Amino acid sequence: MLAAVGVCVVFAGFSAVLSQPFNGVQLEPGQSTRVPDGWKQLERVGDSDSVVLTFALKQQNVDQLEDLFWRVSDPDNEKYGKYLSLEDVTSLVEPSKETVETVGKWLQGSGVTDCRVVLSRDFVECSMSARIAERLLGGVKFHRYTDGKRTVIRSEVKYLVPRHLKNHLDFVGGVHRFPSGFKLQVKEKNYQPNFHLGVYPSIIRERYNLSKTDVGSDPKNAQAVAQFLEQFYHATDLEEFMRVYGGGFPHMTETAKVVGPDSGGAGLEASLDVQYIMSSGANISTWFWSTAGRHESQEPFLVWLTGVSNMTSVPWVHSVSYGDDEDSLDPDYMQRVNTEFMKAGTRGLTILFASGDSGAGCREVSKDKNVFRPSFPASSPYVTTVGGTMFHSPYEVGDEDADYISGGGFSNIFDMPDYQTSAVKTYLNKSTKLPPESYYNATGRAYPDVAALSDNYWVVIDLIPTPFISGTSAATPVFAGILSLINDLKFQQGKPPLGFFNPLLYKSGWDLLYDVTVGCNEGCLDELTNLQGFCPTEGWDPVTGWGTPNFTLMKKLV
Ligand SMILES: *[C@@H]1O[C@H](CO)[C@@H](O)[C@H](O)[C@H]1NC(C)=O
Ligand SMILES: *[C@@H]1O[C@H](CO)[C@@H](O)[C@H](O)[C@H]1NC(C)=O
Ligand SMILES: *[C@@H]1O[C@H](CO)[C@@H](O)[C@H](O)[C@H]1NC(C)=O
Ligand SMILES: *[C@@H]1O[C@H](CO)[C@@H](O)[C@H](O)[C@H]1NC(C)=O
Ligand SMILES: *[C@@H]1O[C@H](CO)[C@@H](O)[C@H](O)[C@H]1NC(C)=O
Ligand SMILES: *[C@@H]1O[C@H](CO)[C@@H](O)[C@H](O)[C@H]1NC(C)=O
């Protein structure tokens with residue numbers, strides 16, 4: 001409320017002035033404006049059609065925030081677990097008065113008046129006509145695009161902002177980036193679904209050593225799944241799922257809260273996320289964070305990100321199955337997203353991202369020259385990234401192998417963070433099957449950090465149990481739910497939550513998880529080299545991280 005009042009004050013009193021000839025600079029010069037495969041351009045957007053833009057205001061004291069983030073996350077630091085409230089984070093990083101006024105004047109002077117601010121005061125979201133937006137951003141041209149299911153408004157012309165705003169804005173959202181995410185695959189197998197095992201809650205709980213008393217019981221605990229693919233879940237599917245598969249462990253059958261719209265058709269991803277986080281993180285309040293039904297110019301991922309900064313009280317663990325190719329994004333944009341993850345970690349939140357479903361990935365840089373293709377935010381040093389595994393034998397709850405789709409590799413943008421240097425160097429020194437060095441940057445942030453089963457899930461959708469669902473977006477909510485169980489035990493002992501998990505993980509990885517050592521992820525399967533990606537070893541590796549959960553061992557964290 002205060003924030004909103006603040007902005008009204010700043011924005012008031014500037015009447016529209018005629019715009020000056022545009023002397024602009026590009027923000028995010030590295031952002032791709034290529035229309036992704038599967039999308040096609042429709043008509044030009046009408047002058048009076050409305051668009052929504054998100055302005056990321058330059059923050060202050062980001063260095064101090066980062067320093068604090070590492071301290072509260074490091075189990076050997078005296079500040080470990082001493083998290084900050086959103087209010088405290090805000091007073092540290094909120095934009096300067098000058099920034100707020102400069103951006104406010106610019107918007108107001110351009111006729112933009114319908115704006116909302118987040119509680120942390122570093123994002124402003126404004127609605128305006130396309131005509132005003134196109135002038136505001138130095139001549140972008142908005143079109144509608146469709147992928148057959150939904151339409152979005154985007155511009156293939158890069159945006160400019162007046163030169164004097166360069167030091168006040170990190171980026172403007174809602175112009176170039178298309179909705180993206182990892183789509184679960186239906187991996188048809190040669191065997192009949194009823195003869196082979198498949199993965200459902202009792203299998204997960206057995207494999208990961210969750211007994212029927214390993215469920216949440218602290219009322220203060222909560223976890224969330226975030227959605228980006230225009231998806232909803234149906235409460236009746238969740239109930240049916242728990243009726244069919246929920247025997248043998250206490251659980252909830254309804255979510256505690258839905259943020260955003262909550263109606264529409266049931267989607268596979270949404271249904272799976274909610275069904276599985278509530279099966280591993282059983283009996284824990286679960287939020288479903290929906291970004292569907294938003295305005296067609298908004299970016300779903302940004303809607304979630306700003307939402308987290310606009311609530312004083314959010315769940316402790318967030319499972320997010322979303323990612324873009326790192327090479328399609330501008331480093332300044334990614335750095336700002338990283339700052340948002342630092343804000344979250346400093347508040348004690350644990351953020352998990354799926355590592356992606358294309359193995360090490362592949363990008364053609366020129367004829368006959370390929371490189372691996374990392375994904376972001378999987379490659380962010382400030383989140384925990386989850387890869388995938390499959391049962392060695394599809395008929396037995398036994399050993400796990402790396403799933404060949406499991407996203408994994410090295411960032412080309414972010415340096416390797418201290419917490420993982422020793423583990424990664426050991427891997428690089430020890431691995432006998434490393435791909436050629438020209439395919440990746442061995443000094444970059446390496447991922448994933450952990451893994452869980454990603455193959456052959458059963459999901460109830462439209463009341464029907466559906467087999468063969470696969471993807472690291474299945475592994476992520478499973479791992480997230482298990483970290484929520486650890487938080488629960490910590491709360492019961494009056495301790496603070498896990499927060500950013502990696503520094504602790506890399507200090508104790510050997511002792512917490514089941515180490516996956518068989519199978520490789522896919523890479524550039526080109527005619528030239530027919531190259532696989534990376535292959536696991538004992539200990540950490542860039543396919544399955546430290547391995548998959550073993551709750552008996554993980555309980556030692558508490
Ligand atoms: C933040 O939340 C407040 C109150 O819930 C709301 O009025 C405001 O519009 C939100 N801001 C944004 C940018 O969504
Ligand atoms: C953990 O799970 C494995 C595999 O299902 C099982 O063999 C073992 O007995 C379990 N151990 C404990 C301590 O629960
Ligand atoms: C489930 O959680 C509630 C608190 O949310 C707790 O009161 C209850 O005892 C828990 N049930 C079990 C079986 O632990
Ligand atoms: C690499 O491995 C060799 C032999 O296994 C060992 O002598 C050497 O110290 C290792 N180097 C690093 C940087 O770990
Ligand atoms: C490694 O990173 C540098 C700097 O970001 C980049 O120029 C180079 O292309 C990257 N190498 C690969 C194999 O992607
Ligand atoms: C988990 O750890 C327990 C205790 O060390 C062990 O008995 C069990 O076999 C482990 N489970 C797996 C799947 O490795």
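Placed from the backbone N, Cα and C atoms, the Cβ positions cover glycine too.
Keep in mind that TrEMBL annotations are predicted by a computer and have not been checked by a curator.
Per TrEMBL, the feature signal peptide maps to 1-19.
Look at TrEMBL and you will find 198-558 tagged as domain 'Peptidase S53'.
According to DSSP, Glu269 (active site, charge relay system) sits within a helical segment. Here TrEMBL flags Glu269 (among others) as active site, charge relay system.
TrEMBL lists Asp273 (among others) with the feature active site, charge relay system. Long-range Cβ neighbours of Asp273 (active site, charge relay system) (same chain, at least 6 residues apart, Cβ-Cβ under 8 Å): Val225, Gln227, Tyr233, Ser319, Ser321, Ser473, Thr476, Pro477.
In the three-state DSSP scheme, Ser473 (active site, charge relay system) falls into the helix class. Annotation source TrEMBL lists active site, charge relay system at Ser473 (among others).
In the three-state DSSP scheme, Asp515 (Ca(2+) binding site) is classed as coil. Annotated Ca(2+) binding site per TrEMBL: Asp515, Val516, Gly539, Asp541, in sequence order.
Summary of the Ca(2+) site environment: with the site residues Asp515, Val516, Gly539, Asp541 set aside, the chain residues having Cβ atoms within 8 Å of the Cβ mean position are Thr517, Pro536, Thr537, Glu538, Trp540, Thr544, Gly545, Trp546, Gly547.
In the three-state DSSP classification, Gly539 (Ca(2+) binding site) falls within coil. Asp515 (Ca(2+) binding site) counts 19 other C-beta atoms within 10 Å of its own C-beta, drawing on all protein chains shown. In this view, the densest Cβ surroundings among the recorded positions Glu269, Asp541 belong to Asp541, judged by other Cβ atoms lying within 10 Å.
All chains included, 16 other C-beta atoms sit within 10 angstroms of the C-beta of Gly539 (Ca(2+) binding site).
Within 10 Å of the C-beta of Val516 (Ca(2+) binding site) we count 28 further C-beta atoms, all protein chains included.
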